[in-house]
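Reviewing the structure listed below.
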């Protein structure tokens, strides 16, 4: 009888028969049931090869028949067998683009990086045939991305060769090596340039491919791109080479300092805190909150990117201005350009100095902030005990006076808040100034294009504006005197009243608005350069015409009306500010602020000094602009008189030069103000960035901070114990005082009784009264001291609670910040590179302007004809058109960079969602693994049960053989008995015959019964084995019925009970 293992064996016949053909046909028709029945009944081998080197298993992989493949793998098909061409089933499924087959084979413990006869893996085949779904599955199963075939080609090279740009992007995203080389020394970029694929070249360049690499023959990517003749590829290669050179120039001086600082910070983090993987997330912030904070940070970075773009547009506007100035050069305005270049250089030097001053001021502010934070951290308190004491202390007299001093400790916080509000308001005002200045520059351009006769401002309206400006100037001086009086009152030692932070901020905002309004009025009053030049020309041409005939442009009138309205609004605001100042003076005269709060007064004094310095600077600037306006008025009047007298040409040219110089100085001052505003904005942004970096460093070192907090909590507990002891001592002291007071009251009552009974002298009575008063005053002083301590500790407690809440709200998860930062650092680098490009173009244009100036000087020395002038005009127009084309190209590049930035941001969001999906898939896979392990354990138990049944069958076979041997022995005994019966008497013979016949009949019946039992047992055994075999196959395939499972469990229980009974 065959055993169970012998039944499960597959017969490997080398001959291809009809059953194998039937199996192939079933696979082609995707009939999984027929495949399973053929494998069960005929015991076929699915990996047997035919004459063409093809098997049923490999045909499943080529066709993508997942059900048939599952059946074959369940019947023990080897997934690593190769066909006639050396390909495995994994190679064929990846080659023909069947991701389900790929995942099934990888789940059945098939190796990912199996190579075929050419050394190519499944990843190579997926890259060649462009199957991105198969590529994703292989990458998820950690296939090596940089593995090479016999020619040294990586999957990225093969994808670039077949022009699969999306595959290249995905491989680069997963971390494939861009600059890997094959045996000929070629990179993926060279292969893409050779095939002329523009999209793949663009993807590889954005992925960090190096353009300057050379292969074994000495050729680079530019050579292959030139061989194809594609202009776009050549453009991308040139742009990448330029970008690489700029990045190397920028990063070379800064890399050393950044690397050292980053290494130091990393070493500190490693020494103080555990790894980021094992660090627990903060308990307060949920994942949804972290996502929101990341999105808010991304939005903030987008706003910064928009600001950079605005700066780039400003540079482009400067380019447009330079074009217009080149047109003016042809008309004879080259010396003005030279002056403007010199002014720009001076302005750059001034901005550098201003940056240094601002940095110093910011360092001072930081030191103040750190000092205040240290004071907050050093305070310790006990909430419950102080709250219990609060009711007791409020019963004593003079508590109202002490509670009024609670606001004094918060003075430092209010001052810090005012400083922060001032910084934010200054940044907003600088932005507004920038926008208004841009609007004014646009208006100047528009006015320069309009006729000169209608752009002249009437003298009457100018005089009215001038008078209003002088009034505002006087009001500003009055405000400055008021501030000086406030400062003198602040330095005095007399008691003062503390002003609320909101009133102080409003007052300061009003002063700053007045200053900005005055600056705007000055800028609007000052005429543009082009306008005054055109007015000069019109006056010289028609100097004899009266003023009444001059026609004014309606646009300028509207602008002047707007100026009048703004001046009236500023006057109203100033009057309101004066009213608030008067209220402040009244509050100061009341005098409630104590002398003890000297630190708060010193900080307010420093703020007043800064405000005073700012007002002084603005006053000086206003004075200078006033003088310049007066000079301009004098020059205009002289010009009118000379125009009436029809002066000579030389005098007119001298006047023109002086007026031009003065107007250039005014424009230079405008540009200086603009540069100051921009430098202040950049410094403030840098400050915010540094503050955020410090916050993130605080978050990174949270573990170290937690240890420090534990130490601080232990210290605070000790301090609490000390405070409780002090509190108990104070309570005991208070009780003693109360007892003394009660004794005094008893003595008073006794004295009263004595006085009632006896007459006491007046001197003794007064002495007693004085003693009682002194004792009461001493007790009240002690109570006041205790109350002061209580109020100070309570305020410190509130401050610490505020700081902790602010720290919790402002805490941001580090990983999300790092992702957002990495995603947007690239955009910042690109924008910086573009800004450098524009600066270089500006320098080049300045050089061109100098060359044009030299040419014009030569032309002026000699007599120039109209034809030469026209030729110069034509050449300049051609250059302008070329510059316009360059500008359009720059605009296209700018739009591309914007789209790329948005794509990067979208990809970051998609990657986040993919990560969450992958985590969910991992959890599902782990659940499936657990269920499969449970099923495997059940199957093992079934297998053991089957082996036990096989052992029982063997024992039955042994018993049957023993019984057959006994039957054989009985037959031999019968034969012996028949031989013995032949030699006996007939009676004995007859009796013995009858007995022997009866015994033989009984033995024969017994033998027949035993044979039938044998046949039935064999039949039952074969049925049981076939049933077990079928159910095991279904269990392996995952299709096991619940009834069968229940029966198997019952069998196992019965077997365990039998073993326990034994």
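For all residues, glycine too, the Cβ spot is worked out from N, Cα and C.
Copied over from TrEMBL:
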COILED    298-524  coiled coil
COILED    553-1020  coiled coil
COMPBIAS  253-265  compositional bias 'Low complexity'
COMPBIAS  529-550  compositional bias 'Basic and acidic residues'
REGION    244-291  region 'Disordered'
REGION    529-552  region 'Disordered'
REPEAT    52-84  repeat 'ANK'
REPEAT    85-117  repeat 'ANK'
REPEAT    118-150  repeat 'ANK'
REPEAT    151-183  repeat 'ANK'
REPEAT    184-216  repeat 'ANK'
For the repeat 'ANK' (85-117), sequence-distant contacts whose Cβ falls under 8 Å of one of its Cβ atoms, 6 or more beyond its ends: 53, 57-58, 60-62, 64, 66, 69-70, 73, 79, 123, 125-126, 128-131, 133-134, 136-138, 141-144, 147, 149
PLDDT averaged over every residue in the repeat 'ANK' (85-117): 90
Long-range Cβ neighbours of the repeat 'ANK' (118-150) (under 8 Å; 6 or more residues past either end): 86, 90-91, 93-99, 102-103, 106, 112, 156, 158-159, 162, 164, 166-167, 170-171, 174-177, 180, 182, 918
The repeat 'ANK' (52-84), counted residue by residue under DSSP: helix, strand, coil: 17 helix, 0 strand, 16 coil
Composition by DSSP (helix, strand, coil) of residues within the repeat 'ANK' (184-216): 17 helix, 1 strand, 15 coil
